[in-house]
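Asker: Taken from Swiss-Prot, the feature anthranilate 1 binding site applies to 91, 122, supported by sequence analysis. For 91, 94-95, 99, 101-104, 119-127, 131, the entry in Swiss-Prot reads 5-phospho-alpha-D-ribose 1-diphosphate binding site, with the evidence type sequence analysis. Swiss-Prot lists 103, 236 with the feature Mg(2+) 1 binding site. Per Swiss-Prot, anthranilate 2 binding site is recorded for 177, and the stated evidence type is sequence analysis. Per Swiss-Prot, the feature Mg(2+) 2 binding site maps to 235, 236.
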C-alpha cells in the first residue's frame with residue numbers, strides 16, 4: 001500500500017474521473033512544493049488533458065498557485081466608483097500568431113486613461129516577443145520587488161508582475177512541460193494567478209472552446225467583472241474578424257460576438273499586425289504610444305484597451321472605451337507613462353531597493 005498521500009488522487013485521474021476543487025489544489029500544492037516526481041507530474045497533466053479539465057479542477061489548480069505566490073502588497077483600493085479596483089489585460093499566449101505586443105501596449109493606454117492596471121506576464125510562448133521580452137527593451141526591470149511594483153501601481157496606475165518572480169514553484173514543472181511538447185493545464189493558468197488579484201479582467205484565450213469555461217473559472221475565483229475573448233484565432237479582441245466574448249457581470253455570464261464595427265473601427269488584415277523580434281516590437285510599441293503608429297496598430301491596441309476600460313467601469317460601453325483609448329494614444333500620455341515606469345524601475349535598481357527580493 002502506497003504511503004504517498006497524493007497517489008490516491010492520481011489514481012482517480014488515471015481512472016478517467018474528476019477531482020473536486022480541494023483535491024486538485026492538494027495535488028498542485030504538492031507539485032509547487034517539489035513533492036511530486038516528474039513521472040507523476042506528467043501522468044497528472046496528461047490524464048487531465050485527455051479527459052478535459054473541469055471548472056473545479058482549473059479553479060483548484062489556480063487556488064494552489066495563488067496561495068503559494070509571493071505576496072503582492074496592493075495599494076489601497078480607491079473609493080471612487082470609477083476606480084474601484086485593479087484590471088489585468090492578459091492572454092494565454094499560444095495562439096500561433098506572431099503579432100505585435102497588443103495586450104502589453106494596451107496596458108499602458110488603459111493606465112494612461114485612468115485604469116489601475118497590474119499586468120501579469122511572462123516571456124514569449126508563441127510569438128518572438130512576449131510581454132516581458134518587450135518591457136526589457138525599454139529598461140523596465142522584470143524582477144522589481146513587490147513593494148516597488150505596488151508603488152508604481154499606486155503612483156503611475158500601472159505595474160508589471162513577472163510571473164516566474166512570483167510563482168517560483170512552477171519551476172518544478174518546466175522539464176515535464178518541455179518534454180510533453182503539448183498544451184496542458186499550465187497553458188491557461190497564467191492569466192488566472194495574478195498576485196495582485198485583479199477585480200477586473202480582459203482575458204484572451206487561444207481557443208474558442210475555452211471562452212465560456214474560463215469565464216466560469218473566473219466567476220468561481222471571485223473575479224468581479226471580466227470579458228473572456230477569442231478573436232478569430234488570436235488570444236485578444238480582433239481587428240481582423242469577429243471576437244467571441246463571454247462577459248462576467250454581476251455574477252452572470254453572457255455570451256456574444258463583437259465586430260470591429262461594434263467597436264467603432266474599420267476591419268484590418270491579420271498581416272497588418274505582424275510582429276517581429278523584441279527590438280522591432282519595441283519600436284512599434286513606441287510609435288503607437290506616441291500617436292505615430294499605423295492605423296491598424298493603433299486600432300488593435302485601442303479596441304483591447306477600450307474593452308479593459310469598459311470592464312473596469314471607466315467607459316460605459318466597449319465603443320466608448322475604444323474612443324477614449326484612441327484619444328489617449330493620440331495625446332502621447334501612454335508613452336509618458338512608459339517612460340516614467342522605466343525611470344522608477346531604474347531608480348529602484350540604482351538605489352538598491354531591489355535587494356533581498
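Cβ from N, Cα, C; glycine included.
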Asker: What is the interatomic distance between the Cα atoms of residue 120 (5-phospho-alpha-D-ribose 1-diphosphate binding site) and residue 91 (anthranilate 1 binding site), given in whole Å?
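Answerer: Cα-Cα distance, residue 120 (5-phospho-alpha-D-ribose 1-diphosphate binding site) to residue 91 (anthranilate 1 binding site): 9 Å.
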Asker: When you tally the Cβ atoms that lie within 10 Å of each candidate's Cβ, which of the binding-site residues (120, 177) has the highest tally?
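Answerer: Output for this query is 120.
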Asker: To the nearest whole angstrom, state the Cα distance for the pair residue 103 (5-phospho-alpha-D-ribose 1-diphosphate binding site) and residue 177 (anthranilate 2 binding site).
Answerer: 25
Asker: Among all the protein chains here, how many other CB atoms are within 10 A of the CB of residue 99 (5-phospho-alpha-D-ribose 1-diphosphate binding site)?
Answerer: 24
Asker: Please work out the number of neighbouring Cβ atoms within 10 Å of the Cβ of residue 236 (Mg(2+) 1 binding site), leaving out its own Cβ.
Answerer: 28
Asker: Counting distance between Cα atoms, which of the binding-site residues 91, 122, 235 is nearest residue 99 (5-phospho-alpha-D-ribose 1-diphosphate binding site)?
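Answerer: Smallest Cα separation from residue 99 (5-phospho-alpha-D-ribose 1-diphosphate binding site) among 91, 122, 235: 235.
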Asker: Which residues, sitting 6 or more apart from residue 91 (anthranilate 1 binding site) on the same chain, put a CB under 8 Å from its CB?
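Answerer: Residue 91 (anthranilate 1 binding site) has long-range Cβ partners 103, 191, 203, 204, 205, 206, 235, 236.
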Asker: Distance between residue 122 (anthranilate 1 binding site) and residue 177 (anthranilate 2 binding site) at the Cα atoms, whole Å?
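Answerer: Spelling it out, the Cα of residue 122 (anthranilate 1 binding site) and the Cα of residue 177 (anthranilate 2 binding site) are 16 Å apart.
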Asker: Taking each of the binding-site residues 103, 122 in turn and counting other Cβ atoms within 10 Å of its Cβ, which one has the fewest?
Answerer: 122
